[in-house]
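Some notes on the structure that comes next.
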Amino acid sequence: MTIDEAPLPETRRDSTNPPIFNIPGIVLATILLLAAVHALRVFVLGDIADANVVLDFAFIPGCYVTDCVAGFGRSAGAGLWSPLTHALLHGDWMHLGLNTIWLVAFGTPVARRLGALRYTLFSVVGALAGAGLFDLVNPTLLEPVVGASGVVSALMGGACRFAFGSLGRSAVAPAAAPRLSIGQALADRTILIFIIVFFVTNLATASSFGSYLAGGATIAWEAHLGGFIFGFLGFALFDQRAR
């Protein structure tokens, strides 16, 4: 992907700059899509139809080494689209609500900076990266993985490359702030602490204590880490702002 390195003028914060939680249209559209999909599953589809949706559209890593078509009646092409479509499904309203909060918080600055098309492409690759690392760690697991957490984590990783430092140190709006190199971001104390807390928290969920705190639910921490690593390392490929 070609990166436009033409320098852009700095944008100073003033009364004309929108507040950070004035949600961009593409982020709002993402949230509405996720809510519509979950509402359809909860209020329209019956139990059998919903189970088939989960079977065909959730990410199931074990189905790449097990014949889930013959064994469970899964659609033959599900292995192609489920690394992406699993991000459209959620376990319950609370799961959806938490991801919505993080989408607003981190999707807003990233969408303002990248624009709708690049934001969408970035989110798609974030979902794929989350599924990819989950599959790498759990290649034989025959349990469905759902949720937009890989996307959200990618947005967090991307925001670390420009939003945190600018918000804390200058009057430059995040969308126009210089992009930090990987080394610069890791040298920033605020960003480094955020990354450490993110990794420690997610790795803690892999323990039985983490499962207890989650009410017995299994948290796909691998997908979180996969999305974040992609977002942090790959953000420059989607960012047309100059450093």
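A Cβ is built for glycine as well, from the same backbone N, Cα and C atoms used for every other residue.
Listed features, source TrEMBL:
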- 80-233: domain 'Peptidase S54 rhomboid' (DOMAIN)
- 20-41: transmembrane segment (TRANSMEM)
- 53-73: transmembrane segment (TRANSMEM)
- 93-111: transmembrane segment (TRANSMEM)
- 116-134: transmembrane segment (TRANSMEM)
- 146-164: transmembrane segment (TRANSMEM)
- 191-213: transmembrane segment (TRANSMEM)
- 219-238: transmembrane segment (TRANSMEM)
Same-chain residues at least 6 beyond the ends of the transmembrane segment (146-164) whose Cβ lies under 8 Å from its Cβ atoms: 34, 54, 58-59, 86-91, 95, 99, 102-103, 106-107, 109-110, 113, 122-123, 125-131, 174, 177-180, 182, 185, 188, 190-191, 194-195, 198, 220, 223-233, 235-236, 238-239, 241
Integer average pLDDT (0 to 100) for the domain 'Peptidase S54 rhomboid' (80-233): 88
